[in-house]
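As recorded in Swiss-Prot, the features of this protein are as follows:
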{"type": "BINDING", "residues": "22, 23", "note": "phosphoenolpyruvate binding site"}
{"type": "BINDING", "residues": "102, 131, 132, 133, 134, 135, 172, 173, 174, 175, 317, 339", "note": "UDP-N-acetyl-alpha-D-glucosamine binding site"}
{"type": "ACT_SITE", "residues": "126", "note": "active site, proton donor"}
{"type": "MOD_RES", "residues": "126", "note": "2-(S-cysteinyl)pyruvic acid O-phosphothioketal"}
């Protein structure tokens, strides 16, 4: 089993290209099930979750081809992937596939809209709280679907004439449920209005792609999204937007280790709140023609309080990384998680490196320390795993991170990108 070995103490200097966003690529790939034409996606990251979803889509009958080209001397892949779902051969998404990745549950929307039925296993993925599918089920039922849960599967059936446009207000903001209902509503009869919808850039990116396929969606990026149903969707070509979570992660890595790095092929507007928190922590941040420049030379890390919130608030997917940064601050910071319960599993592992963190409900109190010391640590989920890498960059000696398959789900060639900027990070196999 692979592990990541980090020897701390090196500053980061150079250029890091930012990959396409995993959180955008997954719903875009699933949207290919809505049409019998070819959907071509550019800038698709090479990640374990993407490969798993390719297998799932293939199970439904999608024909998938990949044209990869190496960029920057093998540093990363920017792949173009073609999806053609001319015939849906199965409307069942089995447990053995869906259990490995939560987002694969989202196929329920396109399958139900196009084929009138879907049988999808309840999902797996990161062990972050319960993350129930109630909102998906309630929303699809509002569009006229008959839904039953039996034997760990969600069985959904559309009315004889297809799904019916309706008004549905999410009781809480959900990116995944917004994705699913937006996709399902594109082929519904009539108009659907989604209230309290997620405003995340990935939702906007999906709507942009669906509109290119012939959908009629407006209001994306606001809390009210309107979808006028159409009879069918066509193929399209779409470029996946930059990964704002990867952008924020590497920005925090530079703030932690010190140095001067340009993050290429990304946009500051995708994560203004997070960048402002990093700036307040002591890093200098400026926009360049191709991305963002992060500099921290000499100045210490300042304590900053953050509260996670739906976009445009501080992203929950950057909470663990920011906690890693705060372990070396010059004071006390408070980090409050409002999106998911049980998303502090990284606290015990950071403590193994010498961090001083105490929990009270959904708030972590982080007392900055003058030094961290390398130790063996274990990744518990995707974002927690990279927080350990960030901490390891500033720790004295060697940090060995095990269970790095979590990292491979969401970070493309992380060790290579950091190494090219001067970090001592390597993948080792037992």
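Every residue, even glycine, has its Cβ placed from backbone N, Cα and C.
Note that the structure is a prediction, hence the values are computed from the model and not measured.
Each of the binding-site residues 22, 102, 172 was ranked by the number of other C-beta atoms within 10 Å, and first place falls to 22. Each residue contributes its Cα atom, and for residue 174 (UDP-N-acetyl-alpha-D-glucosamine binding site) and residue 23 (phosphoenolpyruvate binding site) those atoms are 13 Å apart. A sphere of 10 angstroms centred on the C-beta of residue 134 (UDP-N-acetyl-alpha-D-glucosamine binding site) encloses 12 other C-beta atoms. Rounded to a whole number, the distance between the Cα atoms of residue 23 (phosphoenolpyruvate binding site) and residue 317 (UDP-N-acetyl-alpha-D-glucosamine binding site) is 10 Å. Residue 23 (phosphoenolpyruvate binding site) is 18 Å away from residue 132 (UDP-N-acetyl-alpha-D-glucosamine binding site) when you measure Cα to Cα.
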